[in-house]
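Visitor: Positions annotated as active site, proton donor by TrEMBL: E185, E428. Here TrEMBL flags D318, E450 as active site. For T534, the entry in TrEMBL reads Ca(2+) binding site. Residues or ranges marked as disulfide bond by TrEMBL: C382-C414.
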Amino acid sequence: MGRRSQSSSSSSTAWRHLSPWYYLKRPARLALLVVGFVAATFASWDRLSLVRDYEAEISRLDEEVNRLYDQLRMAGIYLDDNPNIENIIKKHHLEVDPVNSVRREKVKEAMLHAWNSYVKYAWGQDELQPQSKNGVNTFGGLGATLVDSLDTLYIMGLKEEFKKARDWVAESLEFDKDYEASVFETTIRVVGGLLSAYDLSADKIFLEKARDITDRLLPAWDTSSGIPYNRINLAEGKASNPGWNGGNSILADSGTEQLEFIALSQRTGDQKYQQKVENVIRQFQKIFPSDGLLPININPHSGAVKSYSKITFGAMGDSFYECLLKVWIQGNKTESVKHYRQMWETSMEGLLGLTRKTSSNFYYVCEKNGDSLSEKMDELACFVPGMLALGASGYSPEKAEKIMNLAEELAWTCYNFYQSTPTKLAGENYYFHGGQDMVVGTSWNILRPETIESLMYLWRLTGNKTYQDWGWDIFQAFEKNSRIESGYVGLKDVNTGTKDDMMQSFFLAETLKYLYLLFSPPSFISFDEWVFNTEAHPLKIVTRHGNEGSSGDAEGLLLMPSDLYRHDKGDPP
Ligand code: DMJ
């Protein structure tokens, strides 16, 4: 056979394997083919399911790794710096609590939902109306939600979101607005938000912007007493008080800017901010009553109080008392801030005098109108348990115990403001007529943070995990009633669950941040190193020098990410 015929015969031999007759003629061949086919199918099916199993396992491990990273971050540990994990775990006594991890992740997811909705429908505007899917400029167009959210994003490790917000601040945030801004709201949200973002990130743009807006607010303090007007036109610098309050300044609006302005002086080296706000406290000292309870209306010209006006730890009084304690903490509890502590302690005696309890042992804080007591308590006053817990350690042990007990009792009442309604969300205020249990008065809920804030302080300062469970209950009620596809809304009525159309900026600044911290270790943004302003913006505690004002840290604080965590003295991270 020639080469050509040999090769054609071998190719026809090969092709016959493709013909069905080749197999049908011989059953043994057919059987072999079927067995081969079945085996191949099984092998590939097995392989596919193996790949699927591996993928599931990889994503489970991924989640686990993220969870562990999160825990390390909570403890201030960055693996790049500290490759020896066993040492890290030992050294930092890491909390390994899977329940807290899951809860924290859920809160972070809620923040992302709120934030993404704001980004989508209200980017750069003050607040989101989630039902209308609109932005509204409730604070004059200062990007209030964005600025209020900066530190929450940072703390939750949402780096891309933080970066995007930071770039907006750098490129688009400007204050030259022909708008009558509230001095108080602008300070606690915008100045506080920017300073906190600066302390956390060490990015100087935040300090520059904080200084710019504060310079625009400063003329408000140019009154004969030094007690500020409460409104100012940001473009013109013209300050005034609203007519509806008879031209008076409001206590909370005038006595809450101290933390932010002192912090600004410390970070810029310019004492003027600190001097303006510390003078206000000196003025208040002159008129301070023996029970430490100042009426909410004050004449900014004479510096005198309207003695018949209301006394309250709720709306228009609240944050003044909080601020006294926190300036003392911000000032390292030194001699130069001793008068803040003294004033605060006096006010706490006044608070004890306003406290009553119902027949079923709910403690509550009354208000006072002139000489008569009003058995009404705002949900806003639910910051009090946290404040008492924070201040307790400055007392003698016996007094501290008494103050802590009261804090815990009041927190129980505030938790029940939530639990007593069909939606499990608290109304705006409650009445306790004649020692009877709480009855909701104004029945809206606008996503306020005060009760959660107090639960966070109490959990940290008592170690009692019940407070975490209470906070989780409240979070779930928000998820159930307030979450909609385009953000979070308040309720017009906590009895019916009817929704409103506003996502308040403090929901992202405070409510969600305090929830996140409630499920995080106490060493994360520790009370030893940070003090929270009344809008939940943490400010770093730095050295305070004397009465004269600034410490002169003019170069800025230059904090590192690991400064978010408490570190043992002499054991730098
Ligand atoms: C916030 O803006 C601040 O917490 C303020 O001190 C009181 N009211 C709101 C939240 O309820």
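Just so it is clear, glycine is given a Cβ too, placed from its N, Cα and C backbone atoms.
Give me the structural setting of these features: burial, nearby parts and distances.
Guide: In the three-state DSSP classification, E185 (active site, proton donor) falls within a helix.
Its Cβ placed at the centre, D318 (active site) has 24 other Cβ atoms within 10 Å.
A simple way to gauge crowding: the CB of E428 (active site, proton donor) has 20 other CB atoms within 10 angstroms, across all the protein chains here.
Same-chain residues at least 6 positions away in sequence with a Cβ under 8 Å from that of E450 (active site) are, in sequence order, E379, L380, A381, C382, F383, G386, C414.
The number of other CB atoms found within 10 A of the CB of T534 (Ca(2+) binding site), across every protein chain shown, is 26. Secondary structure from DSSP puts T534 (Ca(2+) binding site) in coil.
The Cβ neighbour count for C414 (disulfide bond), using a 10 Å radius over every protein chain in view, is 30.
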Visitor: Taking the Cβ of E185 (active site, proton donor) as reference, which residues of that chain separated by at least 6 in sequence fall under 8 Å from it?
Guide: F139
Visitor: I'd like to know which of the recorded positions listed (E185, C382, E428, T534) lie near ligand 1, counting only a CB under 6 Å away.
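Guide: Among the recorded positions listed, those whose Cβ sits under 6 Å from ligand 1 are T534.
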Visitor: Work out the three-state DSSP category of C414 (disulfide bond).
Guide: helix
Visitor: In whole Å, how far does the CA atom of T534 (Ca(2+) binding site) lie from that of D318 (active site)?
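Guide: Taking the Cα atoms only, T534 (Ca(2+) binding site) lies 9 Å from D318 (active site).
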Visitor: Please give me the CB contact count at 10 A for C382 (disulfide bond), counting all chains in the structure.
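Guide: So the number of other Cβ atoms within 10 Å of C382 (disulfide bond) is 29.
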Visitor: Reported as an integer number of Å, what is the Cα distance between E428 (active site, proton donor) and D318 (active site)?
Guide: 14
